[in-house]
Amino acid sequence: MIPRIAFTPGEPAGIGPELAVRLANSRAADRRRAAQIVALSDPDLLADTADRMNLPLNLIPFDPHAPAADTPDGSLFVQPFRLAETAVPGRLNVANAPFVIDTLQSAARGCLQRRFDALVTGPVHKGIINEAGVPFSGHTELFAEAAGAERVVMMLAADELRVALATTHLPLKDVSAAITGERLQQVILILHQSLRDQFRIGAPRIGVCGLNPHAGEGGHLGREEIDVIEPTLDRLRAQGLHLLGPLPADTLFTPPQLARCDAVLAMYHDQGLPVLKFKGFGHAVNITLGLPFIRTSVDHGTALNIAGRNEADCGSLRAALAQAVQLAELRAL
Ligand SMILES: NC(=O)c1ccc[n+]([C@@H]2O[C@H](COP(=O)([O-])OP(=O)(O)OC[C@H]3O[C@@H](n4cnc5c(N)ncnc54)[C@H](O)[C@@H]3O)[C@@H](O)[C@H]2O)c1
Ligand SMILES: N[C@H](C(=O)O)[C@H](O)COP(=O)(O)O
């Protein structure tokens, strides 16, 4: 089986177009598995970027009716979209935000309709999309909505560390109210099922962080652990899940405790992701669990400060592609 992978390079003024060109030119070095990589992008943007980088890029029109074919070195298949205005590296342009959203929506539809076996996303700029009048908090939430999924889970993985989030792109002041028993139960069940079925971990062990410092210190530093987290974990333990915690996050993220877990569930974005990125920035992968299709992504943002300088590292994109291919192959077994 040759998996068909939709690839959205993301914000056109960021490093995404350079990463696309690098990805096309790193296929041989990766000793990779076969995959048909289909970039949903503006062919002129990709060709101009390749010229600027002085790298070859052969763009092959994607034919969804033809049998899946491996991607030759120096090439990408392309499903064309048109930018509203020429992109300038490092300079956001609100006029091009609809282009970004169109590529994401089309990729999601293609996955839902099984034209693609998986989706790999490059970085988007959340701010410029909102400035264009499109409410947008992240790919994760957009794909959940496109798929009609009530709940999905963001998990980032680097080496043997996996960190999932109970809440994603939420202002910190709203986090406590969002940590409900219902949400926690849904998140933990999705995480458990994905670790078992997608990552083939027989009896997954999940370490759960508390919300408050010292996991609430017995109620003296907050009550969410006593009122919400512990009762939810007890209910799920009664169903046979292996759950550790709630432990203080600064205890759970230490080597002896991590050795007892296959994944850590953090209560909010900046409780979990700084640890993960300290360990693995540059080769970590963001995976959306609970969608009806496979979606992986890079661990970094649009890096506007280096866009156009030919300095962007494509390690995380390569890792995201490898992970998507592996998950697609496993699903096909
Ligand atoms: N996957 C995504 O779509 C994604 C992920 C994170 C952040 N973002 C968005 O990106 C925008 C900018 O975010 P930020 O500035 O906080 O983070 P960033 O990851 O864009 O940049 C942080 C630092 O890391 C560097 N960097 C990032 N990726 C790099 C790469 N591949 N190679 C070399 N250096 C790299 C940047 O130059 C910068 O110094 C925000 O709008 C944010 O929401 C998107
Ligand atoms: N939270 C992610 C990170 O910090 O890497 C990032 O914003 C991307 O999230 P989406 O895949 O939902 O856009």
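Keep in mind that glycine also has a Cβ here, set from the backbone N, Cα and C atoms.
Here is what TrEMBL records for this protein:
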type	residues	note
BINDING	HIS139, THR140, LYS277, ASN286, ARG295	substrate binding site
BINDING	HIS169, HIS214, HIS269	divalent metal cation binding site
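A 10 Å radius around the C-alpha of HIS169 (divalent metal cation binding site) takes in none of the binding-site residues listed as LYS277, ASN286, ARG295.
Residues within less than 8 Å, Cβ to Cβ, of HIS214 (divalent metal cation binding site) and separated from it by at least 6 positions along the same chain comprise LEU221, PRO248. Neighbour density for ASN286 (substrate binding site): within 10 A of its CB lie 23 other CB atoms from the protein chains shown.
A C-beta separation below 8 Å, combined with a sequence spacing of at least six in one chain, links ARG295 (substrate binding site) to CYS111, ALA118, LEU119, VAL120, THR121, HIS139, PHE143, ILE287, THR288, ALA324. Neighbour counts were taken at the CB atom with a 10 A radius for the binding-site residues HIS139, HIS269; the maximum falls on HIS139.
With respect to their backbone Cα atoms, HIS269 (divalent metal cation binding site) and ASN286 (substrate binding site) stand 13 Å from each other. All protein chains included, LYS277 (substrate binding site) registers 16 other Cβ atoms within 10 Å of its own Cβ. Under 6 Å, Cβ to nearest atom of ligand 2: this is the test, and of the binding-site residues HIS214, LYS277, ARG295 it is passed by none. Secondary structure at ASN286 (substrate binding site), taken from DSSP and collapsed to helix, strand or coil, is strand. Secondary structure at HIS139 (substrate binding site), as computed by DSSP, is helix. Mapped onto three states, the DSSP output places HIS169 (divalent metal cation binding site) in coil. Around the Cβ of HIS169 (divalent metal cation binding site), 15 further Cβ atoms fall within 10 Å across all displayed protein chains. For THR140 (substrate binding site), the Cβ neighbour count at a 10 Å cut-off comes to 24, with all displayed protein chains included. Largest Cα to Cα distance within the recorded substrate binders HIS139, THR140, LYS277, ASN286, ARG295: about 19 Å as a whole number.
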